[in-house]
Amino acid sequence: MVNEPRGNGSPGPRWEGSSSGSESSRTSSRCSTPGLDPERCERLREKMKRKMDSGDKWFSLEFFPPRTAQGAVNLISRFDRMGAGGPLFVDVTWHPAGDPGSDKETSSMVIASTAVNYCGLETILHMTCCHQSREEITGHLNKAKQLGLKNILALRGDPIGDQWEEEEGGFNYATDLVKHIRNEFGDYFDVCVAGYPKGHPEGESFEADLKHLKEKVAAGADFIITQLFFEAETFFRFVKACSEIGITCPVLPGIFPIQGYHSLRQLVKLSKLEVPQQIKDVIEPIKDNDAAIRNYGIEQAVSLCQELLASGLVPGLHFYTLNREVATIEVLKRLGLWIEDPRRPLPWALSAHPKRRVEDVRPIFWASRPKSYIYRTQEWDEFPNGRWGNSSSPAFGELKDYYLFYLKSKSPKEELLKMWGEELTSEESVFQVFAHHLSGEPNQNGYKVTCLPWNDEPLAAETSLMKEELLRVNRRGILTINSQPNINGKPSSDPIVGWGPSGGYVFQKAYLEFFTSRETVEALLQVLKKYELRVNYHIVDVKGENITNAPELQPNAVTWGIFPGREIIQPTVVDPVSFMFWKDEAFALWIEQWGKLYEEESPSRMIIQYIHDNYFLVNLVDNEFPLDNCLWQVVEDTFELLSRPPQDKRETEAL
């Protein structure tokens, strides 16, 4: 361990003046080495080709923008849950009535951008040319490119009234839109178009519709997604007809698991499809029983998909979810396409933005708030690759709005109060909230604490390796918000701590990050003198007054992996400079997400305010990863010192 030298040349802790991460400049130094996972840099069509060449089947999911801000929060949560099953891509529909190209949180553009940037999903944005000028469409495409979207589903769109009216200076057909994309943007976008297995409802004939489809492909479309259908033979005839007229690109069948009588009627009305009589005969008698219809819909979809997959004509399945998850996930599980335990390319959640696809290093502080980290680094032109580098001023943007919908807690205020306490009576009340979050046991009101302001997701699997120790220290006022155990050469396939390619080994230094009182910090600093050559620490208050024994600009790698034929990868670091940016956010969350649940000047609000104003944020790293984790002993020694009579404490300080 390297420490900042004192004036006499010996190592020791260093006090820093008040500072805030927001005061640093935007200049940064970054190193670039080959990425860990080449697949992250593949285009969607390249991913499709690789899977088709290997015979691996895939699935994809369609969603539509919500109508409300809370609906947007719920949809992003659904992206995270359904993204865990391993879709090759998702697509987001274009709703002309919902101002789809705007910056509204319910717009198609923002929802698709969020799926890419904050949920790490390969995403296709629908775009229609109906009632839009050439300039408007070009503007939408430029905006999509800027936001990191690389895939477009080009559609004509539906007329607002009953009759189609040509747009002066616009486009009249999806073919025109595909040509425009290729003329203006070259090969930047992968382009998908729609196919109609029974012909477009407004088409002259099935043959004429196929001719238009071939024109769309010839104009530059890369693949086709079909409208929904209910019988496999419908798709087989369509694919055969496509092949006969020279369409050779992938054709993905659109699958709609029937989930309710009214939703089926509405979808059939919009798509102008005819439901087969045998399906009507089953549904009509049970039309008022949603559970029975959903169960039938699952069985029907599984049977249809099995027939499609068995044909050898289907490389993947595209599901129309209607923003629901239960039926689609059940179908995918029965087909064996849902990934129950996805392998993690890196220890943290990825972004699918093209400029972040070589990113493979992040500070550990945002481990439980990856969307916040992505938001605060969205203006970076380059991202750390290979190592964090020796940067004196990483350009973290300020997090002024804690209620951006993709950063907002998934739980409404009423649920948060039930979890965190409708009334707090003391600091110990807060300690109990942290303890209940770790234990998973209901609190005194009978509610489970499933989240905290610093962690809106389920606890990481590796937390189970330290659960008893974490519970013990949280009950005594060491309020942990981030931690990891030490790991010495576990296989990369390990179900709890594994990440990266097969055949590798992963390593971790023990890490502990927590809030605690001034009294505890004073005792901790006395104890840390015994661990000076082993434990790095950084302690800071809300004003930025901080003490550390880590050299100012030296990041400490706390997670790394060794893989066959590759350089060592170190995806997680403890960086003292970044910690000062993180502390602003970490302290603010006390007030923004917890304190503001209560009335101003109320006892509960004042307790949270007191913790915000007086507690310290601490991080500890045990550098001796091959040995038993010493951080628990550090904390136990601190508690033991706190329990001594004042005279004994003074004698200890004098040693």
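All residue numbers here begin at 1 and follow the chain in the order shown.
Just so it is clear, glycine is given a Cβ too, placed from its N, Cα and C backbone atoms.
Positions annotated as active site, proton donor/acceptor by Swiss-Prot, on the basis of similarity to another entry: Glu62. Look at Glu62 (active site, proton donor/acceptor): DSSP puts it in a strand.
Feature annotation from Swiss-Prot assigns FAD binding site to 93-94, His126, 156-158, 173-174, Tyr196, 200-203, Asp209, Lys216; the stated evidence is similarity to another entry. Using a 10 Å Cβ-Cβ cutoff, Gly203 (FAD binding site) registers 16 neighbours.
Look at Swiss-Prot and you will find Asn455, Ala460, Ala461, Glu462, Thr463, Thr480, Ile481, Asn482, Ser483, Gln484, Thr559, Thr572 tagged as S-adenosyl-L-methionine binding site. The secondary structure of Thr559 (S-adenosyl-L-methionine binding site), as reduced to three states from DSSP, is extended strand. Cβ contacts within 10 Å of Thr559 (S-adenosyl-L-methionine binding site), excluding its own Cβ and spanning all protein chains shown: 26.
Look at Swiss-Prot and you will find 11-35 tagged as compositional bias 'Low complexity'.
Among the features that Swiss-Prot reports, phosphoserine is placed at Ser18 (among others), with the record citing similarity to another entry.
According to Swiss-Prot, the phosphoserine annotation covers Ser19 (among others).
The phosphoserine feature in Swiss-Prot is assigned to Ser20 (among others).
Annotation source Swiss-Prot lists phosphoserine at Ser22 (among others), citing similarity to another entry.
Sequence annotations record features per position, and here Swiss-Prot assigns phosphoserine to Ser25 (among others).
What Swiss-Prot records for Ser28 (among others) is phosphoserine, and it gives similarity to another entry as the kind of evidence.
Feature annotation from Swiss-Prot assigns phosphoserine to Ser29 (among others).
Under the heading phosphothreonine, Swiss-Prot lists Thr33 (among others).
DSSP classifies Thr93 (FAD binding site) as coil under the three-state reduction. Per Swiss-Prot, the feature phosphothreonine maps to Thr93 (among others); the stated evidence is similarity to another entry.
Residues or ranges marked as phosphoserine by Swiss-Prot: Ser102 (among others). In sequence order, Met109, Val110 constitute the residues six or more apart from Ser102 (phosphoserine) in its chain with CB-CB distances below 8 Å.
According to Swiss-Prot, the phosphoserine annotation covers Ser393 (among others).
According to its DSSP assignment, Thr450 (phosphothreonine) is coil. Contacts of Thr450 (phosphothreonine) defined by a Cβ separation under 8 A and a same-chain sequence distance of 6+ are given as Ser411, Met419, His437, Pro458, in order along the sequence. Taken from Swiss-Prot, the feature phosphothreonine covers Thr450 (among others), and the record attributes it to similarity to another entry.
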Maximum Cα-Cα separation (Å), residues Asn455, Ala460, Ala461, Glu462, Thr463, Thr480, Ile481, Asn482, Ser483, Gln484, Thr559, Thr572 listed as binding S-adenosyl-L-methionine: 20
Intrachain C-beta neighbours of Tyr196 (FAD binding site), sequence separation six or more, cut-off 8 angstroms: Gly203, Asp209, Leu213, Thr226, Gln227
Cβ neighbours within the same chain of Lys216 (FAD binding site) - under 8 Å, at least six residues apart: Ala154, Ala174, Thr175, Val178, Val193
Residue with minimal Cβ packing [other Cβ atoms within 10 Å] among the binding-site residues Ala461, Ile481: Ala461
Candidates Glu62, Thr93, His126, Gly157, Tyr173 (recorded positions) - the one closest to Ile481 (S-adenosyl-L-methionine binding site) by CA: Glu62
